[in-house]
Amino acid sequence: MENLAAMDLMRSEKMTFVQLIIPVESAHHAITYLAQIGLLQFRDLNADKSPFQRTFVNQVKRCAEMSRKLRFFKDQTQKAALLPSPRPASQPDIELEELEIHLAEHEHELIEMNANSEKLRQSYNELLEFKMVLQKASDFLVSRRSHTTAQETELNENVYSNDNYSDTASLLEQEMQPELSNQSGVRFISGIICKSKIVQFERMLFRTTRGNMLFHQAVADEEILDPSSNEMVEKIVFVVFFSGEQARSKILKICEAFGANCYPVPEDVTKRRQITREVLSRLSELETTLDVGLRHRDKALTSIGFHLTKWMNMVRREKAVYDTLNMLNFDVTKKCLVGEGWCPIFAKTKIQEALQRATMDSNSQVGIIFHVMDAVDLPPTYFRTNRFTNAYQEIVDAYGVAKYQEVNPAVYTIVTFPFLFAVMFGDWGHGICLFLGALVLISKESKLSSQKLGSFMEMLFGGRYVLLLMSIFSIYCGLIYNEFFSVPFHIFGGSAYKCRDASCSDAQTLGLIKYSDPYPFGVDPSWRGSRSELPFLNSLKMKMSILLGIAQMNLGIILSYFNARFFNSSLDIKYQFVPQVIFLNSLFGYLSLLIVVKWCTGSQADLYHVMIYMFLSPFEALGENQLFWGQSVLQVILLLLALVAVPWMLFPKPFILKRLHTERFQGRTYGLLGTSEVDIYEEPDSARQHHHEEFNFSEVFVHQMIHSIEFVLGAVSNTASYLRLWALSLAHSELSTVFYEKVLLLAWGYDNLIIRLIGLAVFAFATTFILLMMETLSAFLHALRLHWVEFQNKFYHGDGYKFKPFSFVALADDED
């Protein structure tokens, strides 16, 4: 632990731009060892080349081909419904070339087995269909013979008979050959077709023959396995009676078009029985052959499955290594590869150790050169997080990745985000439910982290520590609001109020009287149900929302000061931080002061009147709305400061930047070339590009004007936006009250167990799905909006890019 560098979540890790000169014989080992530590982000030096023009394109193709074969093995294993190996088999390391040969042999063997199995399965299906056609067609023929003797005579000779057929051939072989009948009269064609096509098939036959046919059908006794989809298909056996050679050819074409398989069925009962026996005999042989083939294929797949995971990881890593090698360039001698990239400063020692190990393992006579270079580009942003802070960092990164060394809002989001959520969700009964859910997720952390979860469950599990803090703060705010599923409790002592008499008959009309000190913590339980409950809670939560909003916006402006100070930008401090603090606090800071003074003094002053007439009639006497001595004079001073702050933000900065730019290129102040006033300071969306473009004063001025107007208008709109804390808190409280009084208490008023159980079930359902799920999501989204818009826009640019080192661990995560 002592060797690890201290983690700094306030600002991103300090990065350095490095160059590697690697001998060719050490390149593969070096990249592999660097991927194992995962602390170096390579820069693509061949960005102008297509993938087919790069050095190691053949190796990448080989790895891609091996990946295809491994995916084929995996698909075959899943198709065969074989369980994967619980643990990779212990096997000595295998070289990539040897693995390539093994995979080719296994693929050839599997393809050959699949082809043989498919042919056998096709023959088996045909025989199975033939057997069912023989059975069903026999029923049709017997049924038809029982109706009329004349028709039996006409159909006595089979349409498929052939006089020249060899007597030595088996009856099955005779019947399977295409034959023509030389006799006229009523004929029939028998076959089998998928059940989904039978309606269209029959309609087409009827239209083609113009109704001159007789169609019989019956459901097959067994389902047929479709080799392409590996699913069982239900089929229908049919017999079509017709007359004439032309009708026969049309029917056969329709059968072919609909994918129906036609089979010859002899009229003679003896022949049918003999053919049936031959079919059953061949089916039995094919079943045995298929079973042996499947066992042999499953055995081969099982042996592959023992090593499949290890092989897939190996090929994936090798492909990633060669992809990274393709980002490197050859030097002039063509004996060394040159690579560039970013790494944290604390990781330089680990990287050098890995490179030394690569030189030794590759038996190279020349060492790998590792040295630091100066870079023009902005470094990537890298925050080292743990299981607790990662979720909060992801919340911030979803808005935008921090610029290099910019203040990280995630440090403050850890506290402010769950707290603002709890202000809207405050109920310590609901908070306990969320707390128990968070504890369950945390207790099963090791088990769930190794499983593949659904999208919703994965999101919930990833934010388990966010949910934990949200529930703890909800319990805290619920104790302040004194709400347990909307029911108040005397937790911290008795109420400060009592009835005027023992009957309490005038409690709802005249109200209660105060007889002791205020309730020690939170809202007095006696406010619940009183006639002034709603006005009191509305006033409390509305004013509290404004105080919290002004405090968080001031925190954002203060953080912009630390940003400017860190980047040595005195312009931002003098002409952005100072006027913003003055403007915000001259108006809304003053409003916060009035709220606190009114609470402390118990005054009945109308703050709406005070703030409105501060602008309309600043010199008019306040009268009964005066809260303290000198308030009128203070209002005028604050109003003047707010008016002065607007041009202070707007005009000086563009003119000073223009003067600095002019002096820089006139040669009088070359010392400013390395300062942040001109070089380091750069607005994220500014049109001013000082490296190779001329200074455009109009664009800089318009940008500053937009920025100033946005802040002035945002000060009003953002303050009003924090009133959502009051609105959602009130909505949550009122919903809880409705469900408690109109569902649970109403059901409990009946002296019937069934009604009470129904009321309890409805109350539990409403509490779970509306208050604990929908209200939680709503409060979460509103807290997210307050952080992204109202808080972060005061100081956070969020125009950086993440540090993405080449790492085998990240490679496995991406694959998952």
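Glycine too: its Cβ is placed from the backbone N, Cα and C atoms.
All TrEMBL annotations are machine predictions without curation.
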Coiled coil range according to TrEMBL, out of 40-67, 96-123, 292-319, 684-711: 96-123
Which of 419-442, 463-481, 753-774 contacts the transmembrane segment (544-564) most, counting Cβ pairs under 8 Å: 419-442
Two-stretch contact, the transmembrane segment (463-481) and the transmembrane segment (419-442), at least three Cβ pairs under 8 Å: yes
Contacting positions for the coiled coil (96-123) when only residues 6+ beyond its ends and CB under 8 Å are counted: 62, 66, 69-70, 72-73, 76, 225, 227, 286, 289-290, 293-294, 296-297, 300-301, 304, 311, 314-315, 318
